[in-house]
Amino acid sequence: MVMSQGTYTFLTCFAGFWLIWGLIVLLCCFCSFLRRRLKRRQEERLREQNLRALELEPLELEGSLAGSPPGLAPPQPPPHRSRLEAPAHAHSHPHVHVHPLLHHGPAQPHAHAHPHPHHHALPHPPPTHLSVPPRPWSYPRQAESDMSKPPCYEEAVLMAEPPPPYSEVLTDTRGLYRKIVTPFLSRRDSAEKQEQPPPSYKPLFLDRGYTSALHLPSAPRPAPPCPALCLQADRGRRVFPSWTDSELSSREPLEHGAWRLPVSIPLFGRTTAV
């Protein structure tokens with residue numbers, strides 16, 4: 001069977017295309033293999049350097065605790081010790097300076113003529129730039145979290161007295177979580193709160209009718225002007241008292257007036273909680 005010129009050309013182009021494509025794929029695979037090998041070598045070098053640094057850190061720490069660290073100048077002696085040594089040397093070798101007019105005896109040799117063999121000058125303090133850098137474990141502890149901010153989820157989980165869940169705050173119908181004096185209660189406050197009997201949440205003056213709480217004026221009085229009315233409302237307490245524990249314990253008898261109601265109306269609201 002004899003192939004025509006067109007068929008031969010087509011097969012040649014087809015085979016050449018796939019050969020070139022295969023060479024390109026092989027070249028890409030070889031390049032990726034080289035890159036991975038170089039990256040592995042770099043990781044091994046970094047791992048060796050980290051291991052050496054970890055091995056040298058205990059030696060440097062021991063040197064700083066025992067004496068001078070390797071490669072650095074000896075540590076500076078404490079100042080109070082040098083101050084104590086100076087008076088001792090002064091007492092052992094007093095420098096007597098007698099005025100020539102008051103001196104009557106024979107001339108005494110100078111005190112510096114025969115210095116003590118063990119008396120040496122104090123070593124100079126090393127420069128500050130050669131001091132040992134602080135270690136990560138020697139850094140001061142971070143300041144405590146700000147108590148005025150709500151805790152994050154991790155802190156709330158680890159707390160001994162975690163805040164109430166968000167579902168409980170949403171389903172609260174008495175407004176207990178609307179007024180928070182402090183963000184976190186201490187153990188003492190919680191113990192005192194447990195010792196106190198729970199307040200009875202019942203409306204006030206329900207045993208009597210509403211007519212007994214309403215005092216109608218015997219004679220009609222003119223209505224106060226608007227500014228006086230606003231000032232009176234501002235000076236007074238809240239129109240609707242809340243159902244918080246702190247206010248129930250110190251609740252006073254309900255004041256009767258035009259702006260007071262005989263029954264406390266709870267206010268619903270949402271607060272941020274975990």
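Placed from the backbone N, Cα and C atoms, the Cβ positions cover glycine too.
On a predicted model such as this, the values are computed, not experimentally measured, just so you know.
Taken verbatim from Swiss-Prot:
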- 1-44: region 'Required for interaction with NMDA receptors' (REGION)
- 1-9: topological domain 'Extracellular' (TOPO_DOM)
- 2-39: region 'Required for membrane localization' (REGION)
- 10-30: transmembrane segment (TRANSMEM)
- 63-148: region 'Disordered' (REGION)
- S64: phosphoserine (MOD_RES)
- 90-102: compositional bias 'Basic residues' (COMPBIAS)
- 111-122: compositional bias 'Basic residues' (COMPBIAS)
- 123-137: compositional bias 'Pro residues' (COMPBIAS)
- 151-171: region 'Required for internalization' (REGION)
- 151-274: region 'Required for apoptosis induction' (REGION)
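Here the topological domain 'Extracellular' (1-9) is broken down by DSSP into helix, strand and coil counts: 5 helix, 0 strand, 4 coil.
Across the region 'Required for internalization' (151-171), DSSP assigns 11 helix, 0 strand, 10 coil.
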